[in-house]
Each structure stands twice: as C-alpha cells, then as structure tokens.
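Feature annotations, reproduced from Swiss-Prot:
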DNA_BIND  166-225  DNA-binding region
COMPBIAS  71-87  compositional bias 'Low complexity'
COMPBIAS  127-136  compositional bias 'Basic and acidic residues'
CROSSLNK  Lys9  SUMO cross-link
CROSSLNK  Lys127  SUMO cross-link
REGION    68-114  region 'Disordered'
REGION    127-157  region 'Disordered'
Amino acid sequence: MTSLPLGVKVEDSVFGKPAGVGAGQGPSAAAGTAAAVSVDEEGAKPKVSPSLLPFSVEALMADHRKPGAKESALAASEGAQAASGGAQPLGIRSGSLGAQDSPSSPRPLGHFSVGGLLKLPEDALVKAESPEKPERTPWMQSPRFSPPPARRLSPPACTLRKHKTNRKPRTPFTTAQLLALERKFRQKQYLSIAERAEFSSSLSLTETQVKIWFQNRRAKAKRLQEAELEKLKMAAKPMLPPAAFGLSFPLGGPAAVAAAAGASLYGASGPFQRAALPVAPVGLYTAHVGYSMYHLT
C-alpha cells in the first residue's frame with residue numbers, strides 16, 4: 001500500500017478506531033501504520049492450495065469413481081502434499097472444502113488419481129490387460145448368451161440307385177457268342193420265333209437273352225445313325241463369308257450393284273418422288289475433303 005499524505009484521517013478497519021496523523025508525525029510513522037494494515041489484511045486471507053479446488057484433476061476424476069468425491073479428493077491431495085514436504089495450516093485444510101479428517105474417510109482412491117497412475121509400475125498396468133484370466137460379466141457367462149458350439153458338417157451321403165429285388169444278374173457273354181450275335185444282326189435285325197429258338201439253342205442261350213440282346217443292339221444302331229446324320233448336316237451347312245468392314249454387297253453381280261446404285265441416287269420411279277442426294281461411299285477417296293477448298297497455283 002502507498003503511504004497516506006499528512007493531515008488525513010485513516011479509519012483503521014482492523015481495530016475500529018481512527019488514527020490521526022498530525023503535522024508533528026514523520027513519514028516513518030505513516031509508513032509503519034500502512035505496513036501494519038497490509039500485514040493484517042494478508043493474514044486474514046486464507047491460503048488455499050490449487051490442488052484442493054473442486055475443479056482440479058484429482059477432484060474431477062474422483063467424482064466419477066465414488067459418491068464421496070470431495071472427501072477422497074481431499075485425502076489424495078493431502079497425501080501428495082505430505083510426500084512432497086509442503087506445510088499447510090490445519091484449519092485451512094479441514095475447512096476449505098467443508099470436510100473433516102476422520103478415520104472412516106475412504107482413502108484408496110489415491111491410486112486412481114493422475115499422480116497415482118503415473119507412479120504405478122509398468123507391471124501393474126500391463127497385468128490388468130493380460131489375457132491370462134479374462135474377466136467376464138455374469139450375463140456373458142450365462143448359457144443363454146454364450147455362443148453355440150461349432151457343428152461339424154458331415155458330407156452328404158451318396159444316394160445310390162436302388163434296383164429291384166428280383167432283378168436278374170447281367171448275362172456274361174463270351175467272345176464267341178458276341179461274334180455270332182453281331183454276325184446274325186448284320187444279316188437280319190429282326191428274328192422270327194423259330195429263328196430265335198434255333199439260334200439261341202446253337203449258342204447255348206435262352207430265347208429271352210437273345211431277344212434282349214437284339215433289342216439293345218437295335219437301340220444302339222439307332223443312336224449311331226442319328227449321330228451320323230447330325231455330322232452330315234453340319235458338314236453340308238454353307239459357311240457364310242464375313243462382311244468386310246461392315247459393308248454388304250447385293251447378290252447378282254455387277255448389274256445388281258449398278259441397279260442398286262441408280263435406285264439410291266435417283267430414288268424410286270414415280271411422279272411425286274424427289275431425287276435423293278448422292279452420298280459418296282466411305283473409303284473411295286483417299287484425299288481429305290478439306291483439300292478441295294484451296295486452289296493450287
């Protein structure tokens with residue numbers, strides 16, 4: 001504070017009585033009075049540490065942890081200040097946030113403060129994230145929400161064609177019998193009852209076996225004949241020449257070409273038909289059209 005001028009009354013706010021400064025008093029007395037007032041005002045102001053404020057980092061983090069946020073923040077800040085060796089009045093510490101020191105106040109939240117997290121060893125931080133013992137919530141452990149076990153997909157069973165129970169086994173013809181049957185089929189594809197009975201007895205076969213063999217052989221001959229006809233049709237089909245550069249020419253020789261050109265040039269013959277404009281075919285002129293605009297000298 002600045003010293004007051006001589007001859008001015010100053011009302012002391014501390015003691016509540018006026019202090020007159022006369023002409024006989026020197027400037028040293030006025031300076032002493034001002035110094036006393038400043039000391040008293042400074043002593044009346046409480047000293048509050050910025051770490052104990054409700055908007056500090058410790059207080060904000062403690063508010064999200066437990067309902068006793070202010071008490072836990074005060075305890076964490078007191079522990080940090082005691083470790084650093086900072087002195088602070090007891091009355092200010094207990095009355096700044098309206099909390100009293102009691103043995104029942106919770107103090108384990110110091111580990112969740114910024115200073116506690118920074119001071120923790122790396123093993124403690126890594127251990128919480130290690131997948132050795134994965135912790136699950138109770139609703140995840142219930143079988144209702146657990147994933148179903150993987151099912152092994154078995155290959156589908158191959159369904160075979162079922163034959164009749166009274167199906168006769170296939171007759172194993174010998175080479176001599178097959179040659180005789182082929183020779184007889186070339187001679188005659190259909191056998192009468194008497195011919196079939198005589199031929200089957202000569203080959204030591206039954207009439208039914210000879211009859212079925214001739215039926216199968218006729219079906220095979222029909223399939224081969226149809227395949228040969230299809231090949232002949234494909235060979236007899238004329239190969240159409242591809243259109244050169246997309247230009248098709250009418251059939252009939254040069255006369256047909258001239259007739260078509262005249263029809264396109266003069267249009268169809270009729271009393272009310274307008275003459276069509278001649279169109280130059282593409283590719284007939286090798287020089288560019290723009291060259292005809294200039295006169296060569």
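Here the Cβ of each residue, glycine as well, is placed from N, Cα and C on the backbone.
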Overall pLDDT for the DNA-binding region (166-225), taken as the rounded mean: 92
Within the DNA-binding region (166-225), residues counted as helix, strand or coil by DSSP: 42 helix, 0 strand, 18 coil
